[in-house]
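Visitor: Among the features that Swiss-Prot reports, heme binding site is placed at Cys521. Residues or ranges marked as N-linked glycosylation site in Swiss-Prot (evidence: sequence analysis): Asn6, Asn83, Asn242. Per Swiss-Prot, transmembrane segment is recorded for 37-57.
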Amino acid sequence: MAVAPNVSDLQSGVVKASQMARAALEHTLQHHQLQDFILAAILASIILLIIRNSMLSPLRGIPGPRLAGLTSLYEFYYDVIKNGTYAHQHPKMHQQYDSTIIRISPNHVHIADPELFAIGPAGSRFRKARYYYNSIGMSTAIGSHYDVEAHHRHRSTMAVGFSTKSLQAFDPIIVNYAREIMDIIASRGLKGTPVVLSHHTQAYTIDVVAKISFGQPVGAMHEVGDHPPTVQAMDCFSNHFNFTKHFPYWQLILPFMPTSAVKRIMPGVHYIKEVGTRLITNLIEQRRIEGRLDEEYQEGKGAIFETLLKPNPKKQYPAPDLNGLVEDACAFLVGGSDTTGLTLQAVTLFVLRNPDVLCALRAELDSASEFIRDSFDIHQVSKLPWLTAVIRETMRLLPPTPGPLPREVPPEGIRVGKYFLPGGNANKGPGRQPGDAEFRPLSPAVCSLYITIPASTQTQKGSSRSVGWEKAVRAWWSGGTHSVVDHARVSDASTSCAYFVFSSSIICGREQHTDERFLACRVAWHELLAFLALLFLRFDLELYESDETNLEWTEHMFTRIRAPVQVRIMKDRWA
């Protein structure tokens, strides 16, 4: 029998339903209001950013792509989405806007004026741009210092490790490792098997740098397989750079992430930091075993990093903690191997693509074989004109650091043509004038060095050699001025603007000696001489699936080429 519903129960149910509906409606309205507020805030921020960068910026009158002046996403597109090709756009922009100065991002200008290369040397008023040099997580390394005084203390403390006496002690290591890597190349190139040259050039430079810096090699020369782990990590390390440059806050997040996640996200950085940590701890442990923990660096006997392990009151240098030492170690390993290894590959390719140069170089090396094959005399080898010519011209054509290498404009600003670049957009209220203790430039303009790879590196379709390379090499060989190539002043300057201590790009363009302003440039120079002299004296080589297109490059702080150079050994003349 059905029971009629109670009227009061029905009324109560209706009231509850209406209350629930009202609450749901209010929640929906509040939610939409919050969304609208967030959206309005984002739109307002974008509008304010556009107004600031387009109408209020002191750089607003400098020519350049309008979108580049409005947002750094323009640079991000070429750096990350287009894989390090923004440096290719800069020469085109200078031509398009017919200007020696262009605006390439909201607070960043690019200058095509060789006279301004004076901003690069040590002691310059133009400090290194922190956003660029510190983005990979090595802010305390010698190549990344923003503070000029801190850099001077760091550099002067290490200088004894690069004295003439110390460097003379390193030469046998450089030569012996070069001989060893030649034997490895010979064993892996048996019966015409292609040799991936980058595996051996980078492994050689990695182990040399590790041995002279920390007293032991990494062991990279003996790694096998299609993807040797240390060489692969070096490639990955620089490939991270363009992303971290735009998102520097990754450094705050990684310490809180599981190691397995860090390995997946930043494999190159993780691997190189592990290697650096191992080398530093092994060096300290070895000194402990030998009872030398309190000893100073012994000039001509010790490893370079022993100069950094103890405070140096005379130099006002406080010894860094383990993290600081590891950052320096990573900078040494990456900067000392990637750059020189690339140059060794490129020289080999260019020489093998130019038979006349190869013939002249081989004749020169044959005539000098008594101080190459038997008892290697690095000083005699350094005087060989053809050998030094092919190295210098290759470095001019393919600098290992092709990017802008930005510097901050000093507080007083500078004038470039009709444009004034301020030292910062500061709030110049009371007590906030330049020179006052409280003065803080909020956003200093960044002045980017114009480092270009000249047009002569580009290959003509169907051409069997680099346009003008042989002619330019002959100009170096003859000892004349480098007038055969356009942009000579720019490219000469570009060979002295790399800041990593072992970089092979710091060899002077015009002189027979290296630039002593840069620590360890002679180490890189001797690595190049030893490796190439032994390679071309010992082996008859041919290129394998390699030509100038292998050297098509992108910029990830260092030069990254399209594909590694491969060679075949046709004959081992010493077998």
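For all residues, glycine too, the Cβ spot is worked out from N, Cα and C.
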Visitor: What's the CA-CA gap between Asn242 (N-linked glycosylation site) and Asn83 (N-linked glycosylation site) in angstrom, rounded?
Guide: 8
Visitor: What's the CA-CA gap between Asn83 (N-linked glycosylation site) and Cys521 (heme binding site) in angstrom, rounded?
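Guide: Computed Cα spacing between Asn83 (N-linked glycosylation site) and Cys521 (heme binding site) is 30 Å.
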Visitor: I'd like the Cβ neighbour count for Cys521 (heme binding site), meaning other Cβ atoms within 10 Å of its Cβ, all protein chains included.
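Guide: So the number of other Cβ atoms within 10 Å of Cys521 (heme binding site) is 24.
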Visitor: For Asn242 (N-linked glycosylation site), what is the secondary structure state per DSSP, taken as helix, strand or coil?
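Guide: For Asn242 (N-linked glycosylation site) - judged by DSSP and reduced to three states - the answer is helix.
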Visitor: For each of Asn83, Asn242, count the other CB atoms within 10 A of its CB; which of these glycosylation sites has the top count?
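Guide: Within the set of glycosylation sites, the most crowded position is Asn242.
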Visitor: Hey, does DSSP put Asn83 (N-linked glycosylation site) in a helix, a strand, or just coil?
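Guide: Coil, per DSSP.
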